[in-house]
Amino acid sequence: MEKPAQRATAIIVAAGRGIRAGGGEPKQWRRIAGRSIVEWSVNRFAAHHAGFDVVLVIHPDDEWRLNGLDLPTTLRVVHGGDSRAASVKAGLAVCCDAGHVLIHDVARPCVSLAVIQSVLDATRAGGAAAPALPVTDALWRGDTHVSGTQNRDGLWRAQTPQGFDVSAIRAAHAAHDGTAADDVEVARLAGIDVAIVPGDEANLKITGPEDFARAEALLTGGDMDIRVGNGFDVHRFGPGDQVWLCGISVPHTRGLQGHSDADVGLHTLTDAIYGALAEGDIGTHFPPSDPQWKDAESHIFLTHAVELAANRGFSITNADLTLICEQPKIGPVASAMRARVADLLRIDVARVSVKATTSERLGFTGREEGIAALATITLVAR
């Protein structure tokens, strides 16, 4: 009878403190498609049919971040050190002496079960293995100018997980007290031969802000979280000599009436954002019964909605506003309105449309009793 394979351990190294990926916190705790990067990476190994014992190495200050995460109950959590090597050593310290270990960077949440299996099979067969992709781009040498080229034959882009015999890699790390690019370098310095198995372009390492969108597309199968919100508002004319529309003062024989400055354009855009977020409307956040909002400038409301969207992880990608009125004429000030709206939404003016129409003299707008506005906003999760 064939002897069953020994159970393997997976060490997820997640003790880093770097925040260059943005977000104001270590990247492994940021969320992608509703889950933290830690959850994605840990559960990749927990879901593998090999039945890994999973060890998560974190910084001591991050212990509280585990609360409420979707992690396996069998997960072992240990505290890492001041360097990656120290964190790997902490993880290896709790591994059993026999068997094999796969060491994985938490910042690669898109690793496939196939890559994990390939590394595990090659490690069991030869004692050590790691995934990599051949370098296909031309390589240059130089600083601000090209001083030469580099032959790319035999060059590889390293990935994780990197697999080893537990005892061998533990001894290699114990003997190594310097810096190393990864565990393969530590292993080679100890005389361990490491096999190369095919890597995967999807197994990207999240390093900069732009990598989050790529990772989300990979993890969700390209099914991005896109929201569309609609807004509609009406304000009647009253005494005055100007109207505020889209943050621009437009001279007119009458003004618009309202609790605030009655900017029907900004109100409609604000409600469209709240609608896309399922966050009610302006009245929910700025009740007209509250005297502090009497005669308030409407950009306050729109800025609140924009910041709420950003805090929820959404970017505004498009805004389309239609003003419905007979007077005043919108065409002469439409460009200024677009620029002001783009500034408030924090997007390029090319993503903002402000246009006007009439109701062919029908209804209250046709009778010039007021102005109506309709807006559509598109939000995309970052």
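Think of each number as a place in line: the chain as shown, counted from 1.
Placement of Cβ uses the backbone N, Cα and C atoms for every residue, glycine included.
Residues or ranges marked as divalent metal cation binding site by Swiss-Prot: ASP233, HIS235, HIS267. The 4-CDP-2-C-methyl-D-erythritol 2-phosphate binding site feature in Swiss-Prot is assigned to ASP233, VAL234, HIS235, HIS259, SER260, ASP281, ILE282, GLY283, THR357, THR358, SER359, GLU360, PHE364, ARG367. Taken from Swiss-Prot, the feature region '2-C-methyl-D-erythritol 4-phosphate cytidylyltransferase' applies to 1-226. Swiss-Prot lists 227-382 with the feature region '2-C-methyl-D-erythritol 2,4-cyclodiphosphate synthase'. Among the features that Swiss-Prot reports, site 'Transition state stabilizer' is placed at ARG20, LYS27, HIS259, THR358. According to Swiss-Prot, the site 'Positions MEP for the nucleophilic attack' annotation covers ARG152, LYS205.
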Seminar exercise, completed: Across HIS235, HIS259, listed as recorded positions, the smallest other-CB tally within 10 A is for HIS259
Problem set entry | Rounded to the nearest Å - Cα separation of HIS235 (divalent metal cation binding site) and SER359 (4-CDP-2-C-methyl-D-erythritol 2-phosphate binding site) | 15
Exercise. Looking only at ASP233, VAL234, HIS235, HIS259, SER260, ASP281, ILE282, GLY283, THR357, THR358, SER359, GLU360, PHE364, ARG367, the residues listed as binding 4-CDP-2-C-methyl-D-erythritol 2-phosphate, what is the longest Cα to Cα distance in Å?
Worked result: 31
For this session: Work through the recorded positions one by one (LYS27, ARG152, LYS205, HIS267) and point out the residue whose CB has the fewest other CB atoms within 10 angstroms.
Result: ARG152
Seminar exercise, completed: One should report the C-alpha separation between THR358 (site 'Transition state stabilizer') and PHE364 (4-CDP-2-C-methyl-D-erythritol 2-phosphate binding site), rounded to whole angstrom, as 11
Exercise. Measuring Cα to Cα, how many angstrom lie between ARG152 (site 'Positions MEP for the nucleophilic attack') and ILE282 (4-CDP-2-C-methyl-D-erythritol 2-phosphate binding site)?
Worked result: 59
Seminar exercise, completed: All chains considered, the count of other Cβ atoms within 10 Å of the Cβ of ASP233 (divalent metal cation binding site) is 23
Seminar exercise, completed: Top of the recorded positions SER260, THR357, THR358 by count of other CB atoms within 10 A is SER260
Exercise. Name the residues of the same chain, 6+ apart in sequence, whose Cβ is under 8 Å from the Cβ of ILE282 (4-CDP-2-C-methyl-D-erythritol 2-phosphate binding site)?
Worked result: HIS267, THR270, ASP271, TYR274, PHE301
Exercise. Which of the recorded positions LYS27, LYS205, ASP233, HIS259 has its Cα nearest to the Cα of SER359 (4-CDP-2-C-methyl-D-erythritol 2-phosphate binding site)?
Worked result: ASP233
